[in-house]
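**Q** Quick one: this structure, given as structure tokens, is what I'll be asking you about.
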């Protein structure tokens, strides 16, 4: 069957059911207890060496036995037979001096399996059987030395592996294989050689078969033998585009589960697993019975991990039979829709997504850029050269660039030697490698040494399209990303226009002709030196910065890199000024979208730390702001050079040692100076009442400064790494004193609290924690966005008595269900508490409680927490408490099952026919006075205070009543007054001391409605759609009203009316988390919660203020509006500002569209979690509608037809749609 046809057929099968791979071939052969004569058969009776153990030879010497084993597995229910060729490569066959038989063995093995499979397909045509031609790992490793005394030595080369695998692949295809299975991969470089061979043979034969890949996690470390994590391994081989990616061998199902689970999450293709029958016992035998193994498989299948399942060592046809029984009828894993990202790896993964921070590529392992490194390589001092690479990684390099291009070096040999040595150093090889050379043969030699997914630096069009395409195809086959220089046959691009022209041409060739993934294309638009004295060079930096923005906008998913030090080449010898130029240049490049840069990771200056006079002079040069900018910088550079060489005393370098100790500590943290940290920390400890105060005070203050600079793009990862190192030294000095002062006492119990993965909200959780602590419970608070794995791991390690989960947004409900299921699966016997704004007793009873056999208690407020915990941990109270709980939940479930919608549901067609009736012909939408994006940075807190709605503030503290009446309430009035005063005192401090920062933005875009959705355009020509905002429509019977949808309030495209829509995002919480943590560390939980509550109020106030400003000034459709704050709270204005996740648009992922439209994260630092919660937590976002008839409404329940329509418009499968629409889907 042709390759394309077989792929289609197998994919159809995989979409419908879980397919079964066969089990252990070696296990079955061992059951025959063959002796030497059996292996020889008749043909090899006179062979000159022992053949016992050569199982692959049996296809020639005992073919009937292999046929019988295949038959047994197909009879048991297997869909896919593996050929008996695990060790049939020439390399593995060399152990028996049988290299010459490799081709014949592969051919005969495939032919035999083909005959058996066809026989069974003929028996049961509705269940076709397939043959997977097996390519095993060989008995050698391409990335590990077999000689402990020479870590750079290899007993097999990439090319030798390619040759061996090519011969086997040709024979397997000729013998009739339907698929190629690269399995039991313990060294990913071997597998990369194998995949290279397979793809080369496909090209040679003009046929492409589906490829299956299966790796081996060797032990509890969760890594392959060559050291890669599961995700790093996946990233390294993802370029093969296999039909399935899986794991097999080494571990039993219990040990392998977490890695199969991880693979099912990250793999864009189908997932396979064929584990061993447990771990071998003391006699090397496997004890896990077919029934027990099937139990594990059933759980994997029901958890949605699997598309293919089979067995490896110790498994038999009976194991496969039992697996077939438990997976029959179970829905196979659905392929996830993952964001487009460049997925690199060393021993560990590096995923570069749209929202990733700047990636630092270490430049010092380059003989052309580092005199020290060049000397070490020339003198063959490779151990010392490795230390240069390690320093780069320790200083924050996430990728290391390696270049050996020097006239007196054998660049190819040096590259191979150094990369092989790097592979033996986990602290270096954990990061991806950038193979850098101007010589193609050196690049190829380097690619043959790296097991992860690296980057080629670089190729270009300078020698024409044909060579460019040839090299790009090979790079893709080697499994690397590529840097493309802006260079063609005319020359290097030196202007903005030329940079765009060349990069666009290269992009189109790579994507359209080569099939290169756009996310793996990294453009280097050429960084040239500025301030050279030549006028034509003055705009080089500006051209690069602007080209970065152009490329990011016009070439989807492509990334930008560059050699940063080039820009300062005119000032070589004056490192101080060079570092200042780098800091300023990077700051502006990063703001415009530059993804990565080749830098000296140990010597990056912080933008804000560049002296103001120097920074201004540098910016004049970089941004070409003055005609005399070069001369001015040269003048000031001389002064800084003299300081650097000691001719002029730099007083500022000495002054800081005379500052107060708190300021000295901050300075050391920001600058990454370790020289004085111990003596300054000791001085601070002597001055403090308690040693812990040194950490909570000056050390945390300094780290907050580092965090702010990093978040603002004025400080890069290497500096943060150095700051963290300084902090660790300070804490290490204090730890003995802190431990000596600790007192331990008895508690009422230990409770773990966590806000679940993807959710950032924790005010309620923090209040619960404080209340419980006041009642002598020990609290372990894991904070926000905590994964299930972390929660359960810590719960076991700390031996807690209760686990409490919190969440505010609706996606958190599914995560809570997941945690409950995992607790049941792992055999926990602890009570589980559920709380948070999005939770309810009904959801707890219907969705969570039934997945966990221990008590699951919905706690609706902090006041209940103590009573609940006391009952659950009391032997006397627990039985009756749990009995009442069970009765209550059963009642809730019965009520839920009988629950009928208050209004009758209607079809989507009927709902759309009853849309809001607006006479668009007689209405002209208002045109904004100031369209586009508006940013409000460090906004004045005093202004926002006038817009605060205080009623929800009191609700946070469980004081119910409307402001201002609550201040006079008979029962809670006095407490409310105290709270109100404390909040305003804190706001005074916030305002005076700048404790919190408020940032916000809004934008107004041309828009039209198209059905239930809204098209947002890039500009007023309305020709290009920037984004589509998807909406839901009410879907219940409305005899006297409309079935509302937000799109009803935007003029339909066909009306010819030019309408607009707005978006906004605001936060009052920048700095809030740090303040709250500081208060907590100081034991001040009251103010920790207070600062969060105040930050939330500021965010809502900012939203109110900004909406008013939009109505009156920016959009300007209500210029004469005069409303009091009470009127604003009552929404007496024209227009609405609905927010994704709330009743009118309850689906959270639409926040992502807003973020992209307005470039929110880069503009004001607000980000979204995996569940689309906003960070910081004290944040608000939404849309602006201006129509006078617009109003708020609730979508409530929708039906399956609308869910299908929404999924189709969003490009989702129904699994994804059900995940996000679940709370509203009837």
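Glycine residues also receive a Cβ, built from the backbone N, Cα and C atoms like all the rest.
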**Q** What does Swiss-Prot list, out of 891, 893, 999, 1137, as binding the same S-adenosyl-L-methionine as 949, 1192, 1193?
**A** 1137
**Q** Looking at the Zn(2+) binding annotation from Swiss-Prot, with 312, 313 already listed, which candidate in 249, 414, 422 is the matching residue?
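**A** Checking 249, 414, 422 against Swiss-Prot: the Zn(2+) site match is 249.
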**Q** Enter the number of other CB atoms within 10 angstroms of the CB of residue 1137 (S-adenosyl-L-methionine binding site).
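**A** The answer is 24 other Cβ atoms.
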**Q** Rounded to the nearest angstrom, how far is the Cα of residue 759 (methylcob(III)alamin binding site) from the Cα of residue 312 (Zn(2+) binding site)?
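**A** Computed Cα spacing between residue 312 (Zn(2+) binding site) and residue 759 (methylcob(III)alamin binding site) is 40 Å.
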**Q** Per DSSP, what is the helix/strand/coil residue tally across the domain 'B12-binding' (748-883)?
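**A** Grouping H, G, I as helix and E, B as strand yields 66 helix, 24 strand, 46 coil.
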**Q** If you measure residue 759 (methylcob(III)alamin binding site) to residue 249 (Zn(2+) binding site) at Cα, how many Å is it?
**A** 37
**Q** Measure from the CA atom of residue 806 (methylcob(III)alamin binding site) to the CA atom of residue 249 (Zn(2+) binding site) and give the result in Å, rounded to a whole number.
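**A** Given the Cα positions, residue 249 (Zn(2+) binding site) is 39 Å from residue 806 (methylcob(III)alamin binding site).
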**Q** Rank the binding-site residues 249, 312 by the number of other Cβ atoms within 10 Å of each Cβ, and give the residue at the low end.
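**A** Taking 249, 312 as the binding-site residues, the minimal 10 Å Cβ count falls on 249.
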**Q** Which one is it: of the binding-site residues 313, 696, 761, 806, whose Cα lies the shortest distance from the Cα of residue 949 (S-adenosyl-L-methionine binding site)?
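**A** Out of the listed candidates, the nearest Cα belongs to 761.
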**Q** Near residue 1137 (S-adenosyl-L-methionine binding site), meaning Cα within 10 Å, which of 313, 696, 761, 806 (binding-site residues)?
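**A** Of everything listed, nothing lies within 10 Å of residue 1137 (S-adenosyl-L-methionine binding site) (Cα to Cα).
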**Q** What are the non-local neighbours of residue 313 (Zn(2+) binding site), defined as same-chain residues 6+ apart in sequence with CB under 8 A from its CB?
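**A** In sequence order, 24, 26, 27, 249, 276, 277, 280, 286 meet the Cβ cut-off.
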**Q** When you rank 696, 761, 806 by Cα distance to residue 1192 (S-adenosyl-L-methionine binding site), which of the binding-site residues ends up on top as the closest?
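**A** That would be 761, the closest of 696, 761, 806 to residue 1192 (S-adenosyl-L-methionine binding site).
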**Q** Taking every protein chain shown into account, which of the binding-site residues 1192, 1193 has the largest tally of Cβ atoms within 10 Å of its Cβ?
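**A** The largest 10 Å Cβ neighbour count belongs to 1193.
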